[in-house]
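For reference, the structure discussed in these notes is given below.
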Amino acid sequence: MRMCTPIRGLLMALAVMFGTAMAFAPIPRITWEHREVHLVQFHEPDIYNYSALLLSEDKDTLYIGAREAVFAVNALNISEKQHEVYWKVSEDKKAKCAEKGKSKQTECLNYIRVLQPLSATSLYVCGTNAFQPACDHLNLTSFKFLGKNEDGKGRCPFDPAHSYTSVMVDGELYSGTSYNFLGSEPIISRNSSHSPLRTEYAIPWLNEPSFVFADVIRKSPDSPDGEDDRVYFFFTEVSVEYEFVFRVLIPRIARVCKGDQGGLRTLQKKWTSFLKARLICSRPDSGLVFNVLRDVFVLRSPGLKVPVFYALFTPQLNNVGLSAVCAYNLSTAEEVFSHGKYMQSTTVEQSHTKWVRYNGPVPKPRPGACIDSEARAANYTSSLNLPDKTLQFVKDHPLMDDSVTPIDNRPRLIKKDVNYTQIVVDRTQALDGTVYDVMFVSTDRGALHKAISLEHAVHIIEETQLFQDFEPVQTLLLSSKKGNRFVYAGSNSGVVQAPLAFCGKHGTCEDCVLARDPYCAWSPPTATCVALHQTESPSRGLIQEMSGDASVCPDKSKGSYRQHFFKHGGTAELKCSQKSNLARVFWKFQNGVLKAESPKYGLMGRKNLLIFNLSEGDSGVYQCLSEERVKNKTVFQVVAKHVLEVKVVPKPVVAPTLSVVQTEGSRIATKVLVASTQGSSPPTPAVQATSSGAITLPPKPAPTGTSCEPKIVINTVPQLHSEKTMYLKSSDNRLLMSLFLFFFVLFLCLFFYNCYKGYLPRQCLKFRSALLIGKKKPKSDFCDREQSLKETLVEPGSFSQQNGEHPKPALDTGYETEQDTITSKVPTDREDSQRIDDLSARDKPFDVKCELKFADSDADGD
């Protein structure tokens, strides 16, 4: 049952995922929006999918492979384009691609997938080429393709959506991709003119892999074993060890030797050194297993004896958005391949296990091993000399039983509610000599996280929004040139260049120290936070404390403050610009902490203070403070200081002259001057109102008279309106006028429509008839009306004689006889009108006075 441990961990992850995810929530201390920081961008119109990046630090040039185009830009400022070349697909190839069921607009194009250095003057470029992959050489001097038109099969995928990876080693391309149109035949190959090699087309070798990364590890110059260079491939594939109803994904690391030449009889033109092992990235205490590999970065540093590779994972059942980063020593992987146990295929009834550990004898030389000094001593100078027994064993046993475990047996970083896509790592040294591995991890929302490990805990220094449209980052590239350190990120819409740190954005020593950024230090002489990798001045006098102890900062002198004047009864908003997401902001007034629950105060955006219904007691000094926990210590910092003064408007005096002043706005200063009207002395201005408009309105001069009775004069000052208020009132007037015009036009339309149809009272119809009396009667209308009268009018006398009742107008029943029609007399207009009036007077249906009578005939005039 030991072999079922990965599956048991995977199933356990489902049960504990929601319970443990809450613990994996490191929050970025600072979040930089796209507009807040200086980012350099590169984008060409109608060009998309900037997924291939290659940096030449010697030439300070960044090569960008996109859809049907390759660009060369200045690596120090990628907005400066140096060269460009286009590689488009012919219309004939597009048509053939479309005939195979592919999209002519999105798939039948040339997506650049391989961009590798071939020599000092040329690049090796491969593209999908409308599902006919092709490769060519790009001359860097003329920046033109040489027209090689090599077959890209096995070097570049057919489908731009399929996974791929490649690395150029001494002029030979090592690639992992699909070998056919359908993408059903995966392959890891070496494209060489003298010794091309590939993997065996068998499920034990590669089972539906998703290729992620490839890199070469050079042999140590002082190695006594005379070992060979090794090329490592990283991918995720469907498990061959276990078989369930659902597919179980396993992250793998595979290795081949650079000096491999294939077998003589067995494994001809196939790898004889291909071995693969499982990568472990899990949280043992919670049972979480991260088994989908997303990206890998190999960290090389002068201080590292053995390279360290960082791998980015997500769980297969990622229903809560978990991502993890694990670090591995390359020596651990080499130990598994050199001395680990093999696995063999077996058939166990009623068991999900399909491969078990092989405990039998292992032939010599060791299967899958590179040719070293020991093999040469046994007269095996090449893989062509290896015995068939060794080659057959490695053909049947490509999978190792031992797994590659991470450093410290735990992930370096676990983050929930985010899907990481790419990773690069930089090793830097702080002022105290401590070395830190700074991880730059991109997300599927276009953001970049910068994180470090501090005493068995991860600290996300900052989050930077690289792309405004929140699109996924497809590739990351890190420059290592001293003095000019940048991160390059490629997406579907363009490339962004970002510095390693935004030290200058920290305005105080406390902010610079609390950031705990190994790239940043505080400079007391200049009172700025400087970037260590960009300064050439000595580090003496700089302040950096990776523990976050802000007490090392010098005591600040009396801090600056902002003074505000508000009107009595108004509302004040005091701003506090605290960027730290880890800090708690609170306000103090007169050495007392304000409570946001009070109806007097409120918080806007969790930082800005709102004070309602201002009074004299609200005048004073307000301080915004931040409280941040760092290593079980609480750091307090004064972020902002405001001095508030509430202006009290004195009540106007009503003897002998009453001045009433009405003001609007929260910030306004007023002066009220009282003038007496004794005798005939001239009056003085009663009111002076000063505001942004500086409005002064004196009262009208009072008429002189002989009466001694005091007169009460009320001088009303017009209200002072702010521009916003006047704009709103103007908008309201325009709105009312628009509504009035709309309903007026609607009324006219309805009126004329009813007038035309005749649906109006008798007075209106008579007026309409009077207007139309002079018009010529249409002949057809008269004939129709004459025929209608013939059919509907009968003699009232005959009708009453037959029934003994009051006569009623005869209805058109459709049974009129020819005799009735012949004997009918065509009445005149006057007779028609008289007869209709008599009929309507005698018979009013439902006792309703019908005012609409033969509206169509009114146009002819009464």
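Cβ atoms are placed via backbone N, Cα and C, with glycine included.
The disulfide bond annotation in Swiss-Prot covers Cys97-Cys108, Cys126-Cys135, Cys257-Cys370, Cys281-Cys326, Cys503-Cys520, Cys509-Cys553, Cys512-Cys529, Cys576-Cys624. The domain 'PSI' annotation in Swiss-Prot covers 502-551. Summarising the annotation, Swiss-Prot assigns domain 'Ig-like C2-type' to 554-636. The feature phosphoserine is assigned by Swiss-Prot to Ser833, with a large-scale study or a structure entry given as support. According to Swiss-Prot, the feature signal peptide maps to 1-21, an assignment based on sequence analysis. Swiss-Prot lists 756-862 with the feature topological domain 'Cytoplasmic'. The transmembrane segment annotation in Swiss-Prot covers 735-755.
Sorting each residue of the domain 'Ig-like C2-type' (554-636) by its DSSP state yields 3 helix, 42 strand, 38 coil. Here the disulfide-bonded residues are Cys512, Cys576, and the one ringed by the most other CB atoms within 10 angstroms is Cys512. Helix, strand and coil residue tallies for the domain 'PSI' (502-551), in that order: 14 helix, 9 strand, 27 coil [DSSP]. Among the disulfide-bonded residues Cys108, Cys126, Cys370, Cys520, Cys529, Cys624, the ones whose Cα sits within 10 Å of the Cα of Cys509 (disulfide bond) are Cys529, in sequence order.
The Cβ of Cys281 (disulfide bond) lies under 8 Å from the Cβ of Pro251, Val289, Phe290, Asn291, Ala311, Phe313, Ala324, Cys326, Pro406, Pro411, each on the same chain and at least six residues away in sequence. Between the CA atoms of Cys97 (disulfide bond) and Cys370 (disulfide bond) there is a gap of 42 Å, rounded to the nearest whole number.
There are 26 other Cβ atoms within 10 Å of the Cβ belonging to Cys529 (disulfide bond). Of all the disulfide-bonded residues in the record (Cys108, Cys135, Cys503, Cys529), the one with the smallest CA separation from Cys257 (disulfide bond) is Cys135. The two recorded residues Cys553 (disulfide bond) and Cys126 (disulfide bond) have their Cα atoms spaced 55 Å from each other. For the recorded site, Cys126 (disulfide bond), the DSSP three-state label reads strand. Within the same chain, residues at least six positions away from Cys520 (disulfide bond) with a Cβ under 8 Å of its Cβ are Ala501, Cys503, His506, Cys512, Cys529, Val530, Ala531, Leu532, Gln544. Under the DSSP three-state reduction, Cys370 (disulfide bond) is assigned to coil, being neither helix nor strand. Within the same chain, residues at least six positions away from Cys135 (disulfide bond) with a Cβ under 8 Å of its Cβ are Val114, Tyr124, Val125, Cys126, Gly127, Lys148, Glu150, Asp151, Gly152, Arg155, Cys156.
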